[in-house]
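K.L.:
I have a structure here, written as structure tokens, and I will follow up with some questions on it.
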């Protein structure tokens with residue numbers, strides 16, 4: 001997961017001073033209301049120039065028919081939503097959408113389940129637990145190209161260590177990256193591995209916020225470990241879980257590099273997800289097809305936004 | 001009493017062993033990367049593979065030293081450029097939102113939240129279209145700007161969350177002493193926000209250092225490419241020298257390792273910042 005910014009909301013907790021103090025504050029500190037605007041102006045200009053404008057260009061690309069020449073001369077023909085129609089009716093759309101669902105769904109489920117199990121495990125105090133937990137962050141801090149190429153080598157059919165292990169325990173070796181049946185599984189495994197640290201850290205800090213006396217009460221009532229987990233930990237962790245999963249969804253949808261480096265979406269499109277398809281159309285072949293590529297990309301934004309809005313609603317509900 | 005103490009100790013020992021086991025499984029790929037980086041080329045295809053570099057070689061690292069130093073330098077410059085840009089943009093804006101109570105601050109925060117959901121692949125196409133015209137393709141400033149889009153929203157949100165907690169009295173005191181908004185920002189707010197600044201800087205650097213998508217779309221024909229792209233090219237041209245590829249990977253992971261050792265608590269703070277509310 002290209003876990004980019006996680007500062008997801010960092011909503012300002014306004015511990016507002018009392019009205020009188022607040023007025024005094026405004027008089028003294030605010031100075032002119034333009035002061036604040038002045039401090040924020042560079043950011044606003046930046047956002048317009050390097051977010052809004054590129055996005056606008058991407059929409060513009062998707063409603064024109066851009067080829068390389070039109071790109072430089074800027075005289076591409078306006079085709080309306082034709083690129084979107086082409087993409088959705090393309091015979092790659094259905095498999096890519098399906099692969100996206102499988103990739104995102106399985107990644108999230110396993111990342112979350114393993115992350116949660118580890119978080120519960122690390123909640124116990126034992127020697128070295130802090131150090132070991134820190135070490136768990138390593139996969140998340142490594143550049144994706146590093147982890148992806150390591151996994152690619154580990155999953156190499158002939159001399160990969162994964163197959164050596166399978167043979168050692170008596171199973172058949174698998175053509176992880178070169179067979180259409182296994183390529184999606186291979187990239188999902190690598191992606192789960194990448195996402196575990198993030199889930200572990202967030203869920204662990206969620207666990208820290210569950211008051212200890214709830215557990216004391218549970219143990220007084222004679223609840224065993226299993227029961228305590230399902231009746232106490234899991235329900236109390238639900239808000240944090242929801243946020244973890246939604247963030248995971250949004251970020252997993254964006255994944256390109258890991259799949260591109262390991263399989264390029266192949267063989268025979270078997271590990272092609274929407275984001276990789278978009279990347280391949282635009283930059284992955286000799287002939288850049290920016291218009292369909294940005295149409296796919298924009299569809300992806302729409303999907304991410306749906307989840308994103310869920311997330312925002314959840315956040316604001318949490319606040320109240 | 002004594003018996004419980006003993007059984008407690010024993011269960012702790014058992015948990016530590018289990019924890020070490022889990023960590024070892026999780027970190028196996030990292031170990032494998034290091035192991036392969038020291039393996040002789042003739043042993044790379046050994047079946048079964050050697051679990052330890054039985055006959056270690058520095059051949060891979062020699063190749064790194066000969067071929068990858070410029071790429072590492074480029075990544076360093078891009079990373080530092082992103083750090084400077086991100087802090088310069090994010091800290092003042094967060095000051096305006098959190099402490100100067102700028103109107104529209106909430107809207108701005110919402111926009112930043114949404115900005116983080118936009119896939120980099122879409123951004124890269126927009127950037128490509130713009131850079132073609134401006135002649136910024138394959139240039140360091142172009143890459144720094146594009147890479148910074150990952151860290152800037154995060155930076156603003158993190159700074160805003162932290163700065164909201166700064167006691168107002170402190171700023172009022174500065175005001176009484178005759179400090180203007182800028183002076184207050186520079187001499188009071190920023191020094192207090194040091195830890196947040198470190199966290200933001202770490203992440204800005206790490207993301208820029210690890211970026212592959214922007215590098216592979218906006219700087220693919222550059223004279224000097226960042227290390228992610230050069231590893232990628234290495235894999236493409238080189239299917240036999242996996243020890244050199246893995247040695248480059250090890251070297252490219254050094255910043256992550258350094259961060260982990262020196263800045264672990266900032267990293268954890270950054271991951272959880274904002275995602276989980278206290």
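Cβ atoms are placed via backbone N, Cα and C, with glycine included.
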K.L.:
In TrEMBL, which of B:44-65, B:110-131 is tagged transmembrane segment?
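P.N.:
Checked against TrEMBL: transmembrane segment maps to B:110-131.
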K.L.:
Under a criterion of three or more Cβ pairs within a distance under 8 Å and sequence separation of at least 6, are the transmembrane segment (B:143-166) and the transmembrane segment (B:12-34) in contact?
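P.N.:
Between the transmembrane segment (B:12-34) and the transmembrane segment (B:143-166), which are separate recorded stretches, there is no contact, as judged by 3 or more close Cβ pairs.
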K.L.:
Taking a Cβ cut-off under 8 Å, which residues six or more beyond the ends of the transmembrane segment (B:12-34) line up next to it in the same chain?
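P.N.:
Distal contacts: 246, 249-250, 253.
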